[in-house]
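Working notes, structure below.
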Amino acid sequence: MRDSRETFVNHAFVTGYPIKHSRSPLIHGYWLKQFGIAGSYRAHEVTPAAFPDFMRQLREGSAGFCGGNVTIPHKEMAFELSDRPDELSEELGAANTLWLEDGKICATNTDGRGFVANLDERASGWDRISTAVILGAGGASRAVIQAVRDRGVKTIHVVNRTTARAQELADRFGDAVEAHPLAALSEVMTGAGLFVNTTSLGMDGEAAPEIDFSPLAAGAVVTDIVYVPLKTPLLRQAEEQGFRIVDGLGMLLHQAVPGFEKWFGRRPKVDETLRQIIIEDMDVHA
Ligand code: ATR
């Protein structure tokens, strides 16, 4: 899109339904300012019924966007309606980042990259493990399973209240992934070097069940993809039991990096100031 001075100004969006609580505009707004880029990134609410039309307008350029992020409940439809999904989004059946190339909508999913980048930053060496335990088998756990597998972790135990959902993921993600009922949690945790909570347990301060983390390997890392509150009840328990913990906020920040680079041409960094901006926003809207 051209502005009045005939220079290119890129405009990106985050779309979901609802979308008003998204923190992505704060993240991208921080980087746009940091680089002095005259672009924009804004929340754009689109209902599920209107989403196909939104994708058509994006492709035709009439929406005025060069790309953007897609969140709940549009991630699956964004993948299906994109023209050039990459291998990551293809395997997940869901996309969170879109951009235009030659009038085609390209799609990827950056959640897994955000997940591992957060661990790399805050628990360096976390990947020198052979076994991981992932609690939960919903949409959010898929990208985590994929990323942990692609990092080379040999055995990934997916534990879920509804075992059939865990089994679906084991079938989807191949031999490294095994499905288990909740009753097997303690057993499969034995000797594992990474524990990931991908369920909504303990979200927004709700009570979470007590988990005995002691079967994990000494020095194991426990992380939660929920970041409200920053220290979830599960993370608090794990810390009290002597394990290394990593909160989920970094995943949100790091998943935003590849999209920004696509739309605005600069690779941004996740720094402490950005982290604090989001934490302050969480406090304001607590
Ligand atoms: P998301 O896409 O955010 O992962 P989801 O698809 O609703 O959300 O998945 C939520 C996950 O939290 C699921 O693994 C769910 O277990 P089920 O598949 O059995 O529903 C899990 N979950 C939610 N509440 C739970 C609870 N009270 N006890 C155990 N697991 C729970």
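Every residue gets a Cβ built from N, Cα and C, even glycine.
So that you can see what the record holds, here are the features copied from TrEMBL:
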- 14-98: domain 'Shikimate dehydrogenase substrate binding N-terminal' (DOMAIN)
- S22, R23, S24, T71, N96, D111, Y227, Q255: shikimate binding site (BINDING)
- K75: active site, proton acceptor (ACT_SITE)
- E87, G136, A137, G138, G139, A140, N160, R161, T162, T163, A164, R165, I225, G248: NADP(+) binding site (BINDING)
- 130-199: domain 'Quinate/shikimate 5-dehydrogenase/glutamyl-tRNA reductase' (DOMAIN)
- 248-276: domain 'SDH C-terminal' (DOMAIN)
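TrEMBL feature annotations superimposed on the structure.
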{"residue": "S22", "record": "shikimate binding site", "DSSP (3 states)": "coil"}
{"residue": "T71", "record": "shikimate binding site", "DSSP (3 states)": "coil"}
{"residue": "E87", "record": "NADP(+) binding site", "DSSP (3 states)": "helix"}
{"residue": "N96", "record": "shikimate binding site", "DSSP (3 states)": "coil"}
{"residue": "A137", "record": "NADP(+) binding site", "DSSP (3 states)": "coil"}
{"residue": "N160", "record": "NADP(+) binding site", "DSSP (3 states)": "strand"}
{"residue": "I225", "record": "NADP(+) binding site", "DSSP (3 states)": "coil"}
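Checking the binding-site residues N96, A137, G139, N160, T162 against ligand 1 with a 6 Å cutoff on the Cβ atom leaves A137, G139, N160, T162, in sequence order. The recorded positions under consideration are R23, K75. Their Cβ neighbour counts within 10 Å are lowest for R23. Neighbours of N96 (shikimate binding site) among the recorded positions K75, A137, N160, defined as a Cα within 10 Å of its Cα, are K75. Note on proximity: of the binding-site residues E87, G139, T162, A164, the one nearest R23 (shikimate binding site) is G139, by Cα distance. Between the CA atoms of N160 (NADP(+) binding site) and S22 (shikimate binding site) there is a gap of 27 Å, rounded to the nearest whole number. Per Cα geometry, G139 is the residue among the binding-site residues E87, A137, G139, T162, I225 nearest to T71 (shikimate binding site).
Here the binding residues for NADP(+) are E87, G136, A137, G138, G139, A140, N160, R161, T162, T163, A164, R165, I225, G248. Their largest Cα to Cα distance works out to 29 Å.
You'll find the Cα of Y227 (shikimate binding site) roughly 20 Å from the Cα of the residue listed as 'active site, proton acceptor'. Neighbour density for N96 (shikimate binding site): within 10 A of its CB lie 28 other CB atoms from the protein chains shown.
The C-beta environment of A164 (NADP(+) binding site), restricted to residues of the same chain at least 6 apart in sequence and closer than 8 Å, is empty. Each residue in the domain 'Quinate/shikimate 5-dehydrogenase/glutamyl-tRNA reductase' (130-199) gets a DSSP state, and the totals come to 31 helix, 20 strand, 19 coil.
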